[in-house]
Amino acid sequence: MAEEERDTERGSSMDSTESRWVFQEDEDESEIDEFDADLPIVDSEDEENGEQRLVRTGPRIDSFDVEALEVPGAHRNDYEDINMGKRIVLIFQTLGVVFGDVGTSPLYTFSVMFRKAPINGNEDILGALSLVLYTLILIPLLKYVLVVLWANDDGEGGTFALYSLICRNAKASLLPNQLASDARISGFRLKVPSPELERSLKIKERLENSLTLKKILLLLVLAGTSMVIANGVVTPAMSVLSSVNGLKVGVDAIKQDEVVMISIAFLIILFSLQKYGTSKMGLFVGPALFIWFCSLAGIGIYNLVKYDSSVLRAFNPIYIYYFFARNSTKAWYSLGGCLLCATGSEAMFADLCYFSVRSVQLTFVFLVLPCLMLGYLGQAAYLMENHEDAGQAFFSSVPSGAFWPTLLIANIAALIASRAMTTATFSCIKQSTVLGCFPRLKIIHTSRKFMGHIYIPVINWFLLAVSLVFVCSISSMDEIGNAYGIAELGVMMMTTILVTLVMLLIWQINIIIVLSFAVVFLGLELVFFSSVLWSVTDGSWIILVFAVIMFLIMFVWNYGSKLKYETEVKQKLSTDLMRELGCNLGTIRAPGIGLLYNELVKGIPGIFGHFLTTLPAIHSMIIFVSIKYVPVPMVPQSERFLFRRVCQKSYHIFRCIARYGYKDVRKENHQTFEQLLMESLEKFIRREAQERSLESDGDDDSNSEDEYSGTRVLIAPNGSVYSLGVPLLADFTETSIPTFEASTSEDVNSQSPNPPVLDAEQSLERELSFIRKAKESGVVYLVGHGDIRARKDSWFVKKLVINYFYAFLRKNCRRGIANLSVPHSHLMQVGMTYMV
């Protein structure tokens with residue numbers, strides 16, 4: 001793994017000045033790349049997908065590499081360069097947030113196992129203990145800590161982080177809004193070729209060309225995410241109930257109804273404290289969980305010394321065989337309980353956005369795993385002489401003098417465990433939202449320093465409500481444990497499949513290693529899954545129903561969003577039609593800037609034609625703004641905006657794509673956003689003028705041997721010239737530029753055979769002055785709300801999904817413009833309905 005890690009680092013952090021392998025498109029395709037390094041191109045309605053070939057480029061420096069270095073934290077992990085004191089604090093926070101779930105598994109693992117397979121002798125205890133020990137070694141340690149954690153997406157973990165990683169390396173997304181320029185974001189960090197490159201390219205090509213494979217991949221991701229959300233429901237129920245059940249051991253008068261009521265009160269307190277954030281709560285509960293792990297180890301050592309240290313023989317896996325030979329079917333049933341010792345493994349990966357990989361790995365290997373093993377060994381040693389206490393194995397094994405302090409710290413640890421999966425659910429839902437697979441919700445960032453610390457109020461209270469229903473309807477630990485196993489295994493299997501794909505497509509490691517990983521872990525998880533499914537009729541089916549509901553919500557939202565986007569692409573306007581509309585309706589240009597929000601990344605949106613037919617005038621400058629989330633965690637501010645001209649220069653109509661990663665925070669107000677937008681537009685116009693100046697200079701030196709001849713060049717802020725490796729604008733003839741009348745402040749007769757040529761510097765200053773005056777006149781946000789309805793001749797199911805389910809979700813989700821807090825006086829909204 002260390003060697004793979006070094007290879008991965010070499011591939012992802014390759015120096016810009018070294019030669020690179022890149023996918024080179026055909027010339028026709030490269031000429032119509034819409035957003036090629038922020039350089040200006042006129043609109044092109046007809047686009048074709050050119051073939052790609054892998055070529056090695058010469059040494060070059062990309063301007064984005066230079067500009068990104070000027071942004072603090074653009075390529076720096078939040079957890080690098082911290083002193084020892086902060087590292088200790090970070091370890092405590094890691095304990096409090098990541099390991100709460102797996103840390104409380106000793107409360108219920110043996111109890112559930114021995115209810116399904118009662119103890120008939122000490123060999124059964126050794127067999128069950130051996131099963132637990134090797135499950136801990138195989139799933140949390142070998143699979144997650146040593147392999148899966150390295151499949152993170154620049155520090156982000158979870159099902160959708162894996163999906164984002166795959167989509168970044170192959171066009172696997174069903175939403176057709178990918179641009180070639182997205183791959184130039186410095187956060188993409190694509191890997192250089194390896195001996196396994198040919199196989200990787202074949203898989204990539206097969207995935208990109210197969211719509212069926214794309215749909216299967218998306219369905220797997222949605223299924224895994226729905227299981228994560230289901231885990232956010234069942235984890236609090238299981239952890240809190242199991243800890244409160246310890247009162248039955250200390251107080252004989254306590255009945256099950258009282259246990260349920262106390263658990264409900266604890267759950268309400270837990271979810272009420274969630275809004276205070278991971279940093280604050282993690283620092284508080286971290287020391288508490290550290291005491292809990294020390295208590296597990298101390299009680300385990302005490303029981304080993306006092307009762308039977310021969311349980312150490314369970315490290316011999318032969319006792320697993322003896323356990324199945326003695327109990328056969330009952331031993332197979334008990335696998336569902338055995339899996340509970342590994343619950344929380346997925347939380348380690350999903351909560352990775354909160355902490356670094358190294359901090360999670362070191363904390364687990366040197367603290368969490370040894371304490372858990374000692375805890376299980378101690379319980380087994382106690383049960384060797386007390387078979388009758390198997391139903392409450394943990395609390396019965398606690399020494400009488402330490403019972404009440406242990407009960408207190410166990411309940412605190414249970415609340416912490418519930419938070420671990422809740423924070424993982426928040427992270428996963430945010431990732432799915434920005435990738436278009438979950439309705440937009442209000443997200444609160446609870447930390448100014450670490451952007452991954454979030455809180456989603458609606459999901460928080462929704463999980464509380466479902467957890468309370470779950471606890472009240474199913475109070476049996478066996479049934480809840482079975483439901484817990486179903487939810488956990490569903491996520492684990494999806495993670496195994498996605499990580500296998502990452503190994504093949506991105507890591508490009510030996511096929512034998514990949515097959516070994518897939519066969520061993522997927523096979524193991526399928527065996528566990530068969531055990532929990534056999535008992536699904538005992539009440540744990542409720543969690544499956546909940547997961548199916550969440551799956552359908554995500555599927556309907558993704559399906560409706562995809563149909564809406566595809567319809568908008570089909571109904572986009574041509575420049576000729578826009579000109580005819582403006583002339584026929586007598587539309588005039590009023591001073592000011594109009595920011596028209598839409599989702600299209602190419603072409604003129606159809607909603608703009610709706611504005612033209614509705615309003616008597618449009619602004620003197622129009623910018624089509626598209627907020628686009630790209631499959632990277634963060635986009636540096638210097639690479640945020642991409643500009644291009646939509647029409648002739650005299651029309652002052654631009655397109656802007658504001659790119660965000662799924663980890664980026666859109667907390668800027670509308671004034672800050674406008675300022676950043678206008679600054680980027682001015683840079684684009686100056687860069688355009690510099691490029692045209694270089695073109696004219698290059699015509700005089702066409703015969704000289706120039707390193708940058710035949711390529712576009714760019715002037716960096718420090719004055720250096722960088723090659724962009726794409727054809728010059730001179731390759732575009734004047735006939736490719738649409739000619740139509742302009743109704744702006746600057747008239748240019750483009751149809752004249754010899755148009756007047758203005759001084760370049762004078763033209764530049766004139767346009768910049770026009771932009772500043774338009775900005776002073778005011779900025780208005782033109783928001784088009786496009787809704788979709790199923791056609792009358794559509795299937796009944798499609799009408800039901802689009803006209804009712806998707807419409808309900810869209811009506812109750814958060815509008816995208818809400819993030820900018822635009823005042824109503826600056827906002828103009830027009831609705832439009834598309835028939836699909």
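Positions of Cβ are set from backbone N, Cα and C atoms, glycine also.
Just so you know, TrEMBL annotations never went through curation; they're auto-generated.
The feature compositional bias 'Acidic residues' is assigned by TrEMBL to 24-49. What TrEMBL lists as domain 'K+ potassium transporter C-terminal' is 591-834. Under the heading region 'Disordered', TrEMBL lists 1-52. The transmembrane segment annotation in TrEMBL covers 128-151, 216-239, 259-276, 283-305, 331-350, 362-382, 402-421, 454-477, 483-506, 513-534, 540-560, 607-630 (among others).
Counted over residue pairs 6 or more apart, the CB atoms of the transmembrane segment (540-560) and the transmembrane segment (483-506) come under 8 Å in at least three pairs, which marks the two as touching. Ranking 128-151, 362-382, 402-421, 483-506, 607-630 by CB pairs under 8 A with the transmembrane segment (331-350) puts 128-151 at the top.
The transmembrane segment (483-506) makes contact with the transmembrane segment (216-239): 3 or more of their CB pairs lie within 8 A, with pairs spaced 6 or more apart in sequence. Against the transmembrane segment (402-421), the recorded stretches 216-239, 259-276, 283-305, 454-477 differ in Cβ pairs under 8 Å, and the greatest number is found for 283-305.
For the transmembrane segment (454-477), same-chain residues at least 6 beyond its ends with a Cβ under 8 Å from one of its own Cβ atoms are 108, 111-112, 115, 229, 232-234, 236-238, 240-242, 245, 256, 259-260, 263-264, 267-268, 271, 274-275, 277, 422, 425-427, 429-430, 441-446, 483, 538-540, 542-543, 546. Between the transmembrane segment (259-276) and the transmembrane segment (216-239) there are at least 3 Cβ pairs closer than 8 Å, counting only pairs 6 or more residues apart in sequence, which means the two stretches are in contact. Long-range contacts of the transmembrane segment (216-239) within its own chain (CB-CB distance under 8 A, at least 6 residues past either end) are made by residues 100-101, 104, 107-108, 158-160, 162-163, 166, 172, 174, 207, 263, 267, 270-271, 343, 346-347, 350, 414-415, 417-418, 420-422, 424-425, 428-429, 432, 437, 459, 463, 466-467, 470-471, 474, 477, 480-481, 483-484, 487-488, 490-491, 494-495, 497-498, 501, 543, 546-548, 550-551, 554-555, 558. Panel annotation: around the transmembrane segment (513-534), residues 138-139, 143, 147, 332-336, 338-339, 482, 485-486, 489-490, 492-493, 496-497, 499-500, 503-504, 540 of the same chain, lying at least six beyond its termini, place a Cβ under 8 Å from a Cβ of the stretch.
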